[in-house]
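These features come from TrEMBL:
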type	residues	note
TRANSMEM	9-28	transmembrane segment
TRANSMEM	40-60	transmembrane segment
TRANSMEM	81-102	transmembrane segment
TRANSMEM	122-143	transmembrane segment
TRANSMEM	150-172	transmembrane segment
TRANSMEM	196-218	transmembrane segment
Amino acid sequence: YQQRSKTWNVFREFVGTTLFLFTNPLMAMDAVHECVPDPLHVALAFGASIALTCVCLDGVHLNPAVTLALVVGLRVSPWQAVLYVGAQLLGAITACGLLFGMAPVSAKDKLGINELASGVNLYQAFSVETAVTFQLVLCVLAVTHPKSPFFSLAPAALGLSVTLGHLIAIGFTGCGMNPARSFGPAVLTLNLENHWVFWAGPCAGAILAWLMYDLLLYPRWTGLSDWIIEFRQVFLTSPSKQPTNPQSNTEI
C-alpha cells in the first residue's frame, strides 16, 4: 500500500505540473504573438492556475525549488524528491510539447521561454529569481503547516504569491521562479542560453526561505549541527529503512 501511495504521489506531480503549465503558456503566447506583453495578464494567469491546481491536487509541489526546501527541511526523503523532480520536469516537457503543437508558427520559437530582458545582467537576473522564489517558498512553508491559521486558504495564498512574483520579475527575467516551468520551453525550443540562472536562483531562494523559516522564525533546531545530526538519522540510510513521513508533512 505504501509503495502504491508513493507511486501515486509521483504521478500526481506529473499530472499537476502538466496541468499547471499547460494553462499558462497559452496566455504568454498571445502576448508574444502581439509583441505587447501584458505582465498583469500573465501574472494573473499563473496565479489562478497554481491556486486551481492546488485545490484539485492537494499535496503536490509542482516546483523543484519547493521540493528542495522540503528536502532540506527533512519533510521529504531525498530519494522521493528525485522522483518528484523527475515527474515535474517530464510534466513540463509534456505541457510544452502539447502547446508546441497548438501554437502558431510565429510563436513556436518563443513558447513562453524565460529570457533576460535587455540591459539585465546575470547577477541581476540571479538576484531577482532568488528573491521571488524566496517569498514563494516562505509562503509555502508558512501557509501549508497544519497549525497555520491560513491553512484552509493555502491555495489562494499561494496563488497570490505566484502572482506577486510575476509582477516583480517578469520585466527582468520573464519570471522563472520554478525550474520546471523554465525547463520545458528551453528543451522544446532548444534554447538553453543562461538557463542555469533559472535553476540556481530558485534553488538559492528556496534554501534561504528554509533557513529563515526553520532556523529563525520557527526554530526546529538550535543550530545547523542539530540539523546535520537529524539529517544523518533520518536520511543517510537505505530507502527501505527510511520513515514514510519524516517530520511534518508540509507540502503544497
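Cβ coordinates are placed from backbone N, Cα and C, and glycine is handled just like the others.
Those TrEMBL annotations? Automatic predictions, nothing curated.
For the transmembrane segment (122-143), the partner stretch with the highest count of Cβ pairs under 8 angstroms, out of 40-60, 81-102, 196-218, is 196-218.
If you look at the transmembrane segment (81-102), the same-chain residues 6 or more away from its ends with a CB under 8 A from one of its CBs are 6, 9-11, 13-22, 25-26, 29, 61-64, 67-68, 70-71, 108, 111-112, 180-181, 183-185, 187-188. Long-range Cβ contacts of the transmembrane segment (196-218) within its own chain (Cβ-Cβ under 8 Å, at least 6 residues beyond either end) map to 63-66, 68-69, 72-73, 114, 116, 122, 125-138, 140-142, 173, 176-179, 182-183, 186, 224, 227.
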